[in-house]
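Right, one structure below, let's go through it.
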Amino acid sequence: MKNILAIQSHVVFGHAGNSAAEFPMRRLGANVWPLNTVQFSNHTQYGKWTGCVMPPSHLTEIVQGIADIGQLAHCDAVLSGYLGSAEQGEHILGIVRQVKAANPQAKYFCDPVMGHPEKGCIVAPGVAEFHVRYALPASDIIAPNLIELEILSKHSVNNVNDAVQAARELIAQGPEIVLVKHLARAGYSSERFEMLLVTAQEAWHISRPLVDFGSRQPVGVGDVTSGLLLVKLLQGATLQQALEHVTAAVYEIMIATKTMQEYELQVVAAQDRIANPEHYFSATRL
């Protein structure tokens, strides 16, 4: 069973960051060690919340505690997501180095959350710059959405070919694998939700139906997507197998959420279909 140190946000009510990804990852058979960068009452797209950003030293101290009991060598991957500050990011890279010193086979999966002010997702100053300058070259796998891909590659991405090229430019700087979590306007069809999974040698495209939630889209979809992909890859799935399972599993969560007329992702209700999706979507090699 794989062990994943997941360093990202936590909400007490609802699902975002670790609160979205932790349970689905466990449902696929991974041990998740959740380490929270922030603890908020709820996710920020409600427009108001309470809570705090964890001091960067808190992250390092917790991981040192795990090292002190001799367990860090059993960590197979570090996953990072929403950061409360750029300084937290610097400490996370120190943690990645510490984990890799204990287990040289461990991977670093970076979900470079950079914020979408128009959607109510706010990140602290310097976080985007941290991802571009430091997290990108340190990562083994990175999972930007379209906007984040453009920021990381420093140019516009207007179609699928552009996205593959931009992903390969990122690979040249460090990562082995790039997941483009949402192609949006750069995809083949505005009627579908599309993703890319790219390495230096391969590029896989997949699409599924959009699920219409109106103006109030659920939060945490990207967090679940990143977490599930990491689990599948650690378990030995091929790029194609991992992409197909994750796409179907996330779709099952979206369908359950829509059916129950909820705003928060219904990961518990969809748990059996996360492990064994009823839908299937085929990935195409480009």
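Just so you know, glycine gets a Cβ as well, placed from its N, Cα and C.
Source: prediction; values computed, not measured.
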Can you tell which of S9, S85, S189, S282 Swiss-Prot lists as binding substrate with T44, Q45, D223?
S9
Joining D111, A143, E148, R208, P209, L210, V211 at the ATP site recorded in Swiss-Prot, out of K100, K181, K232, is K181
Can you grab the distance from S9 (substrate binding site) over to K181 (ATP binding site)? Cα atoms, rounded to a whole Å.
18
The binding-site residues listed are T44, Q45, D223; by CA-CA distance, the one closest to E148 (ATP binding site) is D223
Based on Cβ atoms within 10 Å, give me the single least packed residue among the binding-site residues K181, R208.
R208
Where among the binding-site residues S9, T44, Q45 do you find the Cβ with the fewest other Cβ atoms within 10 Å?
Q45
I'd like the number of other C-beta atoms within 10 A of the C-beta of V211 (ATP binding site), please.
17
